[in-house]
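Copied from TrEMBL, the annotated features are:
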- 48-451: domain 'Amino acid transporter transmembrane' (DOMAIN)
- 79-101: transmembrane segment (TRANSMEM)
- 143-164: transmembrane segment (TRANSMEM)
- 176-195: transmembrane segment (TRANSMEM)
- 202-226: transmembrane segment (TRANSMEM)
- 246-264: transmembrane segment (TRANSMEM)
- 280-300: transmembrane segment (TRANSMEM)
- 320-343: transmembrane segment (TRANSMEM)
- 364-384: transmembrane segment (TRANSMEM)
- 390-411: transmembrane segment (TRANSMEM)
- 432-450: transmembrane segment (TRANSMEM)
Amino acid sequence: MKIIFLSISCSLPAVKQLTTENDKSKKMTESVVTDDYDPYEHRQVKHPTNNWQTFAHFLKASIGTGVLAMPAAFANAGYINGFLLTVIIGIVAVHSLHILIDCMYELCKRKRVPYLSFSEAMTVGFQEGPPIFKCILPIAKPFVDGFLAFYHFGTCCVYVVFIAESIKQIIDEYSVVLDVRLHMCFILLPLFLIFSIRNLQILATFSSVANLLLFVGFGVILYYVFDDLPAIQERKPFETLNKLPIFFGTVLFALEAIGVILAIEENMEKPKAFVKPCGTLNLGMLIVLGLYIAIGFFGYLKYGDKALGSITLNLPQKAILAQGIKIFFAITIWISYALQGYVTANIVWNKYLAKRVKDTGKHVLFELLVRCAIVLLTFAFAIALPDLSLFLSLVGAFCLSILGLIFPALLQICVQYRTGYGKWKFRLAKNLLLIIFGAVGGMMGTYVSIMEIVRAYTKYT
């Protein structure tokens, strides 16, 4: 390689390029030396979860209000478009998670550390990647942490609305009719209690119970959906293009729980099992994707354009079975609130605030106060939400297009910068397409969601 460069030209640019190649060769040699270091073997977790507990957490984190909003998502795409695009987005989302976890593992090997957080991995990746990324190094860590914390905070806001709406429908039927905001006040204490659990191992038991309730609930939903199902000719196979951004945001919100998934993988007893071909990630996402498509397709077939932000709100108001299922889902989302909020609390407290409290004996007290503040903030934001499905779409389009699509692709570009992108730079082209897909879908979804929220809020007030 050196001879080729020198034979072409002896000019200064060629010498500089040769020096760059030498540096790259040294770095590649260093990376070979670290190949014997396995970060998984050196990872020490205080309360590790086994494979079954991890699988339960994965299902609970991935199956939330998003799946219940799938009929409304299909109403914005049509049943053919909805089916095909959900599969495509699902495959892209799983691929992005795989490249993110693989890149984090590779960077851990290079740095010989057992674990790097998402934001730390992005920072290290930018350091080792193309020079163009050096200018954003100072803000990389807080920027990624901010997006991650905000996304899971927004998810918790959606959960507050969902729980309150579910309880309201039942109370309205048997007691006095109250504003949904009052029901949000009633659930504050239960939210404080579940959010005070700081250990994922303890939450695993709650997740297993919640998963059982979920699948019972989905069985009942399908029972109502298949009762007197309309002919497929009554529904639209395709919708207009201006509705697709809402669909994109909703499905992305439903499928991605990137912060929780990374936290689950970090706390595994045997993390290698997470990314195996038949591991937790692939098997879990296969179940999740199948469930989402089934609920979305048949829910849209049943309710059409009248599908609400949660399919539970379409169930018969006076049916005892339907009311019981609404309680089931309210309980499961209540448990999910603790899982989603875990990421926000972990970032805010462990990464930024804990080091400011010098008295370590008061750490638990101050962490609980921080968690209480997060609950109050989600409550405040939830009160201002005019529509569950629109805010859900906004959070998905704005945050997850960046966290779940753009950042993983950028990270792989940086990680592979020293080793090359393969023949015809295929991996570089693939990641650039992933960035474009995330950017275009995210911008369109965010814009349309904001416009719809403004319109709905004006009508609501």
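For all residues, glycine too, the Cβ spot is worked out from N, Cα and C.
Of the candidate ranges 143-164, 246-264, 280-300, 390-411, 143-164 contributes the most Cβ pairs within a distance under 8 Å of the transmembrane segment (320-343). Note: the stretches the transmembrane segment (280-300) and the transmembrane segment (202-226) are in contact (3+ CB pairs below 8 A, sequence gap of 6 or more). If one looks beyond the transmembrane segment (143-164) by at least 6 residues along the same chain, the residues whose Cβ comes under 8 Å of a Cβ in the stretch are 64-65, 68, 118-119, 122, 136, 180-181, 183-184, 186-187, 191, 253, 257-260, 310, 329-330, 333-334, 336-337, 340-344, 347-348, 351-352, 374, 377-379, 381-382, 385, 388, 391-392, 394-395, 399-400, 402-403, 407. For the transmembrane segment (390-411), the most Cβ-contacting stretch among 79-101, 176-195, 246-264, 364-384, 432-450 is 432-450 (pairs under 8 Å). Sequence-remote contacts of a segment are chain residues at least 6 beyond its ends whose Cβ falls under 8 Å from one of its Cβ atoms, and for the transmembrane segment (246-264) they are 49, 54, 57-58, 61-62, 64, 66-67, 69-70, 72-74, 76-77, 81-82, 85-86, 89-90, 93, 97, 100-101, 117-118, 148, 151-152, 155, 200, 239, 274, 281, 285, 288-289, 292, 339-340, 342-343, 346, 389-390, 392-398, 400-401, 403-404, 441, 444-446, 448-449, 452. Distant neighbours of the transmembrane segment (176-195): 160-161, 163-165, 167-168, 206, 334-335, 337-338, 341, 345, 371-372, 374-376, 378-379, 382-383; these residues of the same chain sit at least 6 beyond its ends, with a Cβ under 8 Å from one of its Cβ atoms. Comparing 202-226, 364-384, 432-450 for CB pairs under 8 angstroms to the transmembrane segment (79-101), the maximum falls on 432-450.
Same-chain residues lying 6 or more positions outside the transmembrane segment (364-384) and placing a CB less than 8 Å from one of its CB atoms are 153-154, 156-161, 164, 181, 184-185, 188, 191-192, 195-196, 198, 341, 344-345, 348-349, 353-354, 357.
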